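Engineer: OK, TrEMBL features for this one:
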| type | residues | note |
| --- | --- | --- |
| BINDING | A:K7, A:Y8, A:G9, A:G10, A:T173, A:D174, A:Y179, A:R184, A:K209, A:V210 | ATP binding site |
| BINDING | A:T47, A:E74 | substrate binding site |
| DOMAIN | A:274-349 | domain 'ACT' |
| DOMAIN | A:355-422 | domain 'ACT' |
Protein chains: 2
Amino acid sequence: MALIVQKYGGTSVGSVERIKNVARRIAKWQNAGHQVVVVVSAMSGETNRLIALAKEIQKNPDPRELDVIASTGEQVTIGLLAMALQNLGVPARSYTGTQVRVLTDNAFTKARIKEIDSHRIMADLNDGKVVIVAGFQGCDEEGNITTLGRGGSDTSAVALAAALHADECLIFTDVDGIYTTDPRVVSDARKLDVVAFEEILEMASLGSKVLQIRSVEFAGKYRVPTRVLSSLTDPDIPVDEEANSGTLITFEEDPKMEKVVVSGIAFSRNEAKITLPHVPDTPGIAYKILGHIAEANIEVDMIVQNAAKNGLTDFSFTVSRNDLDKAMKVLEKEVTPYLGEEGILTDASIAKISCVGIGMRSHAGVAAKMFRILAEENINIKMISTSEIRTSIVVDEKYMELAVRALHKAFGLDKATKAMEL
Amino acid sequence: MALIVQKYGGTSVGSVERIKNVARRIAKWQNAGHQVVVVVSAMSGETNRLIALAKEIQKNPDPRELDVIASTGEQVTIGLLAMALQNLGVPARSYTGTQVRVLTDNAFTKARIKEIDSHRIMADLNDGKVVIVAGFQGCDEEGNITTLGRGGSDTSAVALAAALHADECLIFTDVDGIYTTDPRVVSDARKLDVVAFEEILEMASLGSKVLQIRSVEFAGKYRVPTRVLSSLTDPDIPVDEEANSGTLITFEEDPKMEKVVVSGIAFSRNEAKITLPHVPDTPGIAYKILGHIAEANIEVDMIVQNAAKNGLTDFSFTVSRNDLDKAMKVLEKEVTPYLGEEGILTDASIAKISCVGIGMRSHAGVAAKMFRILAEENINIKMISTSEIRTSIVVDEKYMELAVRALHKAFGLDKATKAMEL
């Protein structure tokens, strides 16, 4: 007997029929002798509907009151799923975040979980019940309703799994696991059976949308074995089969994994590059430029400063493409005194490609191999940045697919796990 | 400065525009220096939508889980109204039943309020805030969400007014007060400025839908001055004018009221009469017949047993017309041994008409006057029942309007309050 936390997102519970299917899947685990705690999102579209309603009243809705409204989406789903389980003869009981209670700070609309009371849930589990918890929500010390922000149900699930010392946290979603890269771009993309926590963290931060990044951080902090798997399979497939499907996120330094240098390739079109050529190479120049950008709440990703020549340097950084106009307005207003003759250059047709792999830690040469492969394809590299387990480059957007496919093949990601040549 | 509880029903908050109007109305009271606590229902149609969703999953939804779902309707409204007030510069804060907390028993879907914690509300009021509370809901000792049943928001409002020792409870609705009878039947029907608690209680029990009967009981128990008034007037009409509009329910033995014998005439088409002729007149015969009806959860209204003749008696009672088939099935199964030759007689084309008035207590003769007036109109009376402040009769449905109009005129209800001749 294991204690399993299962999370189902908005698409998985998007209709009465789908909720019934989710109930069948849960009943199967319960009937196999496991204790099951379920975390659900609002039915797909419901959170957007509620937020749109709030915005009809207030253009920038009051965060406390927005959370009161938005949290009702999950509250409806928990009740419906409890009923669907009861229909199958499975005793089930629903809890809102307040009822559990999932204690958070009071940062409405983006609250962070501080503590989860596992008392009532454990009592129900030991009583043979399936426990259903509303994802995305909690309450602060004063009992105000809070929400965790978009994708917060993943975090709810992982946090509950940590609090309950669950054997595994299953994140059911509309993909069947985590892939070496986006299968829509590379047809040879391969599902990973296992991925290291640090790798998924880098991939999530790079925009791969499988898991919310805070849930991954939570999983890492409390070492919660977390599995991403499909909710679109036949709900009645055997438990053993389902338990081994998808992709498991691990925290062990698996000897097998040592051999893999690059586990996945992430990419993003959502980038824009800003270059300030020939600015004075004086201490604090980076702060003078980026300080204003940060104040305007614009996130900066890659930053490159070239070696100085004649006391002048080229300073480049990337921002989200949506923020380019806003960033340019800030720069034009604030940094004109530091600018060289060429003014500010922008490039909104770039893409970022990242090779991610925990094996990089002990292998130099990934960057060199990347550059060689791209050179062979005649693709010019515009920016480079690296972390311990990631090497990212920026290229012309039009070369993105070509570059991703070439790297995917060169790092052997199209083949089953094997030792990688550099 | 007064402490006022205001209640707005589903129609009054049925759209974003209407919520904004409600906010204007509340802001006006706040700006006039009053402390305002607002109780709101779900936006019209929302509770029905939620219950229909639940029924798609479970034909007879689990009551605990149904309350989890149904209570979200009011939760959305409180957030929206708080935002609408903030837009007008009025500080406002919303609370669910659980947050207040409105403690109830655990009779899900028809819970009764046991206690209300006024602590947080009073703190907010003294802090200059308008407090918005979700009607219709509370929580039990264990923190399970409960609802009070249809129309429960009226009860929430009156109970809150009692707990807060409010100066008045204003029930805003889509009519402008309580009338001597239904204006759709009698064009001369007149709005009452004042009505006694006992009278409104009888009228509510007779099916007049202005106030939920449990809210009236609550108002009576705690002597909460309660006013029914329109939410369809211009939201900006002066506070003084609004404060004196509608109909006030009083608990004082107003000397002025002594003079009025009949305050209103209620009627209902929703009745059916069942007669068991020539049953044995033995002790317990009423119980033998009605016991089975009660067990089947069918409510019996009027009961008449004639004087016995030759050890046999005619036994008649009325049930809701919707329950007639169900009642007949029970009777055919259970009481056949007691039946006379004629079997069971039914009449589904009857109507009940009731004259209600606290003045009846000290005036005999209302019944006699009723019978005389109906005789003058050649209307046959089929059943009679009386209480301390009510006289009800059953007539053929086709005479209902005629009878109501004749009685309304004969008791002088078309004229401003004046002494009544008998």
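Glycine is no exception: its Cβ is also placed from the backbone N, Cα and C atoms.
Curation does not apply to TrEMBL; its annotations are automatic.
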Engineer: Given the binding-site residues A:K7, A:G9, A:T173, A:Y179, which one's Cα is the least distant from that of A:E74 (substrate binding site)?
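Structural biologist: In terms of Cα distance, A:E74 (substrate binding site) lies closest to A:G9.
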Engineer: In the predicted model, what is the mean pLDDT computed over the domain 'ACT' (A:355-422)?
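Structural biologist: A mean pLDDT of 85 is what the predicted model shows over the domain 'ACT' (A:355-422).
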Engineer: Other than its own, how many Cβ atoms are within 10 Å of the Cβ belonging to A:T47 (substrate binding site)?
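Structural biologist: Total other Cβ atoms inside 10 Å, all chains included: 21.
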Engineer: Sort out the sequence-distant neighbours of A:T173 (ATP binding site) for me: same chain, 6+ apart, CB within less than 8 Å of its CB, listed by position.
Structural biologist: A:G9, A:T11, A:S12, A:V210, A:V228, A:L229, A:S230, A:S231
Engineer: For A:E74 (substrate binding site), just give me the three-state DSSP call.
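Structural biologist: In three-state terms, A:E74 (substrate binding site) counts as helix.
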Engineer: Do any residues at least six apart in sequence from A:K7 (ATP binding site), in the same chain, have a Cβ closer than 8 Å to its Cβ, and if so which, in order?
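Structural biologist: Listed in sequence order, they are A:V38, A:V39, A:V40, A:G135, A:S153, A:D154, A:S156, A:A157, A:C169, A:L170, A:I171, A:F172.
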Engineer: How would DSSP class A:T47 (substrate binding site) in three states?
Structural biologist: helix
Engineer: Which residues of the same chain, at least 6 positions away in sequence, have a Cβ lying under 8 Å from the Cβ of A:Y179 (ATP binding site)?
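Structural biologist: Non-local contacts for A:Y179 (ATP binding site): A:A189, A:R190, A:K191, A:L192, A:G264.
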Engineer: Note down the number of other Cβ atoms within 10 Å of the Cβ of A:G9 (ATP binding site), including every protein chain shown.
Structural biologist: 22
Engineer: Taking the Cβ of A:E74 (substrate binding site) as centre, how many other Cβ atoms lie within 10 Å?
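Structural biologist: Here the count is 32.
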Engineer: Tally of helix, strand and coil residues over the domain 'ACT' (A:355-422) according to DSSP?
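Structural biologist: Tallied per class, the domain 'ACT' (A:355-422) gives 30 helix, 16 strand, 22 coil.
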Engineer: Kindly assign A:G9 (ATP binding site) to one of the three DSSP-derived states: helix, strand or coil.
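Structural biologist: SS state of A:G9 (ATP binding site) = coil.
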